Amino acid sequence: MIRLAAFLLALVAAWPAAAEEVVAALNQTRVAITTSFDGSEIFIYGAIKRDAPEAEGELNVVITLIGPSAPVVVRKKIRQFGIWVNDPGVQVDAAPSFYAVASTRPLREALSYTDDLRHRISIDHAVRLIGDTQAERYPEDYRAAVMRLRRQGGLYTEQSGAVSVAEATLFSTSIRLPAQLIEGDYRARIFITRDKAVVDHVEKTIAVRKIGLERWIYVMAKDHALIYGLLSLAIALAAGWLASTFFRIFFP
Amino acid sequence: MNIYLPIAEVSVSVTLLLGVGGGVGLLSGLFGVGGGFLMTPLLILCGIPPAVAVATGANQICAASFSGMLAHWRRRTVDFKMGLVLLVGGLVGSAIGVQLFALLRTLGQVDLLISLCYVVFLGIVGALMLVESVQALMRSRRGVVRRNRKRHGWMHGLPFKMRFRASNLYISAIPPFLVGLLVGVLAAIMGVGGGFIMVPAMIYLLGMATTVVVGTSLFQIMFVTAATTLMHAIANQTVDALLALVLLVGGVVGTQIGVRLAPRLKAEQLRILLALLVLVVCTKLGVDLIITPDEPFSLAEPLH
């Protein structure tokens, strides 16, 4: 009986922390890459659901959007015989093609290191070296180069203060997808934290697909390489003939 | 306005691509070269991956040279027999080139190979052309009539002699075959037609009649770049049909303007200009190989 009372007491004490839940939605769950595709804006919004009065501790919202991950080879130019030549390179086993983190405050102030590691939230945890890296003397340089180059290319972004929260309940942000986008499923994750600890999170998926002509050309090139090659030639020759004939008739 | 290229997987300004196509087309109309040696580096500067730039460049040159060849065909300035011999060499050469390209891609040295080829060949051709055209200009000022070139004696000792009526030649098939082979290898590796090497080789090495040189060169280039496109499409899947089409539209217009502009300039002056242009591209690429790069790291897709 005493044990049951103690258990109920503990449950009640623990209740407020678990009582906050996040619900979120995206303005679009499909992004179509058409010929005129010039990037896209994803609007992410949601609310924090509560069964009890607001809990103690500083509230923060962290939102990440991650593109499909693939291995990438990083090469460093080294000097040989007076000219700069690529070295054999290091394979970074997983690097997302796109990564955006938006948060209410700078990430380090909104999230503890352990929770960041557990949920793999910051860019640093998404780019991973797994394989045989012993052979290389400074693999960390190569991993850092992936992050640096992709940041420069606008593929990895960190925006602190980009998430706005109203009435400690409603939040929203928008993340820009660049024109240099590859196909795949993009995962949006929304975390709420209290005193740097993750309280709850939800995940949504955005399907980025080439459509129409883009899709057709891509599939042809990969799956029907011979026909595609012949077709490219046919188009080229037809265009060359058309141009020649056109200019002969109109500008002799 | 931007256009998303399905194979290159980048979004590039259409105006920029039309400008590149048009600018290169203008030069090729003016100088009678394919312009591939400018097209590939320019595409890489626009942010197109080098492998896609090379393969797509070949496709674009194929169209441009077909267009040019038709005009020469009507004027009967194509030596088909010579073209065929060059072509056989060219096809063998481009098969070797594509294999070499794929091999070096696995080693990660494609960029280096492309740059080195450009520096070496552009340097040689640019320097030779500059010297030759400056001499020609000085001679024409002094009013000295040029002596006939000596026929190369060693070529007459080779077997497989053939008569090339349109070129006014009776020589062994081996030298044209080798010229074609070299051009084929370069076409595959550099994404160029190789006109800037073949035209001087046909005039100075083979001693062909100058009237048929450009038409015959275009005939050979058309087939070699067609084969190169096909082989790249199958072996590397790096031909971007959409990119080729946009470049073509700009290129065709540029070429026709260039062709109409050319008669207003002196031939020697044109050649000096072309030589200088070739040397500028060569110097730029050469300097990049030597100076310390700002960013030593580069990313590439792993090969499966």
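Note that Cβ sites are derived from N, Cα and C of the backbone, with glycine treated the same way.
All annotation found in TrEMBL is predicted automatically rather than curated by experts.
Summarising the annotation, TrEMBL assigns transmembrane segment to B:12-39 (among others).
The transmembrane segment feature in TrEMBL is assigned to B:83-104 (among others).
With a threshold of 8 Å between CB atoms, the same-chain residues lying at least 6 positions outside the transmembrane segment (B:110-131) that come near it are 37, 40-41, 50-51, 54, 100-101, 104, 186, 189-191, 196-197, 200, 271-272, 274-276, 278-279, 281-282, 285-286, 288-289, 298. Per TrEMBL, the feature transmembrane segment maps to B:110-131 (among others).
The transmembrane segment annotation in TrEMBL covers B:169-197 (among others). Beyond the transmembrane segment (B:169-197), the same-chain residues lying 6 or more positions past its ends with a Cβ under 8 Å from any Cβ of the stretch are 32-34, 36-37, 39-40, 53-58, 61, 65, 82, 85-98, 100-101, 113-114, 117-118, 121-122, 125, 155-156, 158-163, 205-209, 217-218, 220-221, 224-225, 228, 231-232, 278.
Sequence annotations record features per position, and here TrEMBL assigns transmembrane segment to B:203-227 (among others). Long-range contacts of the transmembrane segment (B:203-227) within the same chain, counting only residues at least 6 positions beyond its ends with a Cβ under 8 Å from a Cβ of the stretch, are 32, 34, 58-59, 61-62, 65-66, 68-69, 72-73, 75, 77-80, 82-83, 86-87, 90-91, 93-95, 149, 151-152, 155, 164, 166-169, 171, 175-176, 179-180, 183-184, 187, 193-195.
The transmembrane segment annotation in TrEMBL covers B:271-291 (among others).
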